[in-house]
């Protein structure tokens, strides 16, 4: 190896191993700060950088399009970009040129109305409107012809039916040589083959039957627990109540209340009562108790103040009465002063101390009598005040009542029945025992319990209301005098008289009942006669038993009277 190295010439260029340096990292712009999982409440990803190359965030309930997947591309809008001309003015004619074919010219300015000969911005070559050459005319004509043919062929193809099968109507000639070489040599024949014409309206010759579906694959085996019977609790949990409407009941069935409530679904959820209701009720109770205690204390204080005021007023009245008595008795002013001082010190009168040595027992008795009279007068005044207060309260209630209620109260007070009359200022007469007994009933025989003997049958022997006056009073319609006058006094004669005065004869019947023309006028009630049936032996037969038995004995023999009766019944039925 060393000899080989010496034999080789020296290298012209020395090779040095160069190590490529690692490229410096390019400065990257920091991306958006994405919130961590669990802290994305209220955050909405809007740009593609928010997804960080991944998918959507399921915890953010907004429309998300990662990598623009599912995002609908917006079509070309109709909004025009603002354009200006070489002078910096806005080109409003861009609106008129929008949507036109390229190359079309729209006259949208005033200079388009000026003739070309008078315009300064048009060159001489543009003014000279040269005719097109023959080549351009031919090209335009060919382009127009092709466009018209395209439109025409499109309409023709639309009218022609599609998918029409092509029929090969050409005949086919076949040279046929029989294979059997019999005694008589077979001759070659030429056969002409053509397609048979088919009737397009011929029904199908063969019926296509659908192959029945094969058996399904057996289900895969699934390991499951053996079936077990449902318990009563399971049946109750799985029970679905029938649907019962709260508005319709066309059949009119009577549905129990528990079934109606079961269909409402109220028992499916447990009712949880908030504890704040109890706290609220307790606070209300405590507040009510405090308020009642305050009201009670305030009432006691007011009562105590009223009692003190009443005591002071009574003391003042007592002093005034005592001073008046002293003035009437003619005592001196010094004595009155001492009496006032003694009364101010509230010394009782029972101590026996006389007023200045001038008092006596007779004077104390007079004072006690006057005090009793004053108390009686005060009591009477209090009673009068209470009555007046009640009257004022009643008047106040009457004023607050409605008109209807006030009228009822007034009518009730006006129609009150006062059964006792009191003569004021007179002594009450004492009721004597003689007025309590009726002397007309003395020495009279009492009636029996049944008012008659048990074997007598004379209860209806006499009319109930004997006399025309009683009957007229009973059968007269009740009413005011005005009604009596309008209906002829309520009597039959008055009614007939009023009907006879009828101008249009509306109240008179043109035809009455048969057999009632000769009946005389009747006063009072209708009087009936007792129908007594007499038997053959002359005894009374009230129920017709003897007559019935007699007809039964005769049997089927009918008399002429029976035939007449039957004939009358038939005529009446017909």
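Glycine is treated like the rest: Cβ placed from N, Cα and C.
Database features (Swiss-Prot):
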type	residues	note
REGION	1-46	region 'Disordered'
COMPBIAS	24-33	compositional bias 'Pro residues'
REGION	203-234	region 'Disordered'
COMPBIAS	215-224	compositional bias 'Pro residues'
REGION	350-406	region 'Disordered'
COMPBIAS	363-377	compositional bias 'Acidic residues'
COMPBIAS	378-397	compositional bias 'Basic and acidic residues'
REGION	478-503	region 'Disordered'
COMPBIAS	493-503	compositional bias 'Basic and acidic residues'
REGION	549-574	region 'Disordered'
COMPBIAS	558-574	compositional bias 'Basic and acidic residues'
Quick one: DSSP breakdown of the compositional bias 'Pro residues' (215-224) into helix, strand and coil? 0 helix, 0 strand, 10 coil
Write out how many residues of the compositional bias 'Basic and acidic residues' (493-503) are helix, how many strand and how many coil, based on DSSP. 8 helix, 0 strand, 3 coil
Secondary structure composition of the compositional bias 'Basic and acidic residues' (378-397) [DSSP: H/G/I, E/B, coil]: 20 helix, 0 strand, 0 coil
